[in-house]
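Colleague: Mind having a look at this structure? Questions to follow.
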């Protein structure tokens, strides 16, 4: 029979500093409670990320035994303390060395690889009213992060030394057709001359009892869109053209696209612009069809599903097509050549930058760069499309993006650590591949704990300018939009050749409250650390400088925001 020596050690991940557990040891032959301590609760202390005395967590309890002398009891208790102390120290050091993770054991390097979340699958805009609050910064830094700055600066310098804005190789039309045979068979090469939006009539072979949206993937995979399509079903047959026993439906693509960027005010721009009577948007604000749904990506974390056919995308514009059809029918009787003024828009904030699906569907090129980009296909069908881009200081965009999409443990400290992790991952890619290859690298983008790549505006814009002219773009800054909404909206109206609004309509559009406001719990977290801001400004600096050169506007360098 052995005596109970209670040497209890336990690590707790929570923030409590002690916890009680029942002792189950003691001088017994079976699993009954220890007669010495009588199952009493023992106090266990937490070992956290601060400096710690490992032996302080050991509690040795020995009580008298008639067969042992005092000296023997003292030696055995001391020996147990020493053995358990060495065991705990070994386990802690092994955990630190093997994982390098910051798991409240020891303060680890900020450059570690952990479990990285996948990128979110839903993009959204940023509220202009949140812009000004980002300029305030706390007066002090986390001291440990300041000490880490020299090593982080080496990473940033390494990235900057490898930045080259090279010209991409453009695919020819036949290559595009081979990749999307069905899409090219559905969308014609010419559109109706009397519609500002690219529209055409196609034959509908169903009957008046046929459900045209029965197999639409947007309906099947999202309950919130079903009411919209229920309304479209009820009026569908009445909006067909009936000629010599045949039925024709009007199909349309967008006249303009709001292509980006996420957390840059696209939602607010969309909400104001749709108040104009000549503008009609898709049934869903962000279909993400060009970048995701046509590849079968519903949520990135769920992998690939069945691809959404182009017909499902075109269904989203049926409500606008119905109104255009009515206008065309009315005009044909009076003035056949009269142009229909209604224009269709689409506002997926992923269109400009997200090409993550290419590795799953296109043959890999020898240099790691995607052979096809989203804009190649849009240009193939709509070479005259108009493109609107809303941008903001990429440093503040990244923090807003982090606050919006992070689900738990959000803080300035957590953001700083994720930024440093992302920078190291990006540098590792740049050591072996080109800038473009890294920006469009799906594995890297899913590994980075913050979406560092979304703020590399110059890379994306230069690639879009390989197929579209600069005159087809309207590029806005969220900072300007937040300070003067009326001026921004007038620029948009002029760019889209929209008619003037009445005073009442304009007041409603410009004085409406900002959309997509920041959540109160995110506001309470405050701004990022000044040292984090400094790191990000140095990283994004070369890209902002190039963007300002391309646009011939120093405001896009964000040197004084």
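Just so you know, glycine gets a Cβ as well, placed from its N, Cα and C.
The topological domain 'Cytoplasmic' annotation in Swiss-Prot covers 1-80. For 81-101, the entry in Swiss-Prot reads transmembrane segment. Per Swiss-Prot, topological domain 'Lumenal' is recorded for 102-561. Annotation comment: Swiss-Prot describes 263, 264, 265, 266, 267, 392, 400 as 3'-phosphoadenylyl sulfate binding site. The N-linked glycosylation site feature in Swiss-Prot is assigned to 364; the stated evidence is sequence analysis.
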Colleague: I'd like to know which of the binding-site residues 266, 267, 400 has the most other Cβ atoms within 10 Å of its Cβ.
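Modeller: The most densely surrounded of these binding-site residues is 266.
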Colleague: Please compare the binding-site residues 263, 392 by how many other CB atoms fall within 10 Å of each one's CB, and tell me which has the fewest.
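Modeller: 392, out of the binding-site residues 263, 392, has the fewest neighbouring Cβ atoms within 10 Å.
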Colleague: Taking the Cβ of residue 264 (3'-phosphoadenylyl sulfate binding site) as the centre, how many other Cβ atoms fall within a 10 Å radius?
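Modeller: Result for residue 264 (3'-phosphoadenylyl sulfate binding site): 32 other Cβ atoms within 10 Å.
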Colleague: Could you say whether, by DSSP, residue 392 (3'-phosphoadenylyl sulfate binding site) belongs to a helix, a strand or a coil region?
Modeller: coil
Colleague: Would you count the other C-beta atoms found within 10 angstroms of the C-beta of residue 265 (3'-phosphoadenylyl sulfate binding site) for me?
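Modeller: Step by step: centre on the Cβ of residue 265 (3'-phosphoadenylyl sulfate binding site), count other Cβ atoms within 10 Å, giving 32.
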Colleague: Looking only at DSSP and grouping its letters into three states, which state does residue 263 (3'-phosphoadenylyl sulfate binding site) belong to?
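Modeller: SS state of residue 263 (3'-phosphoadenylyl sulfate binding site) = coil.
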Colleague: Please state how far apart, in Å and to a whole number, the two most distant Cα atoms are among 263, 264, 265, 266, 267, 392, 400, the recorded 3'-phosphoadenylyl sulfate-binding residues.
Modeller: 14
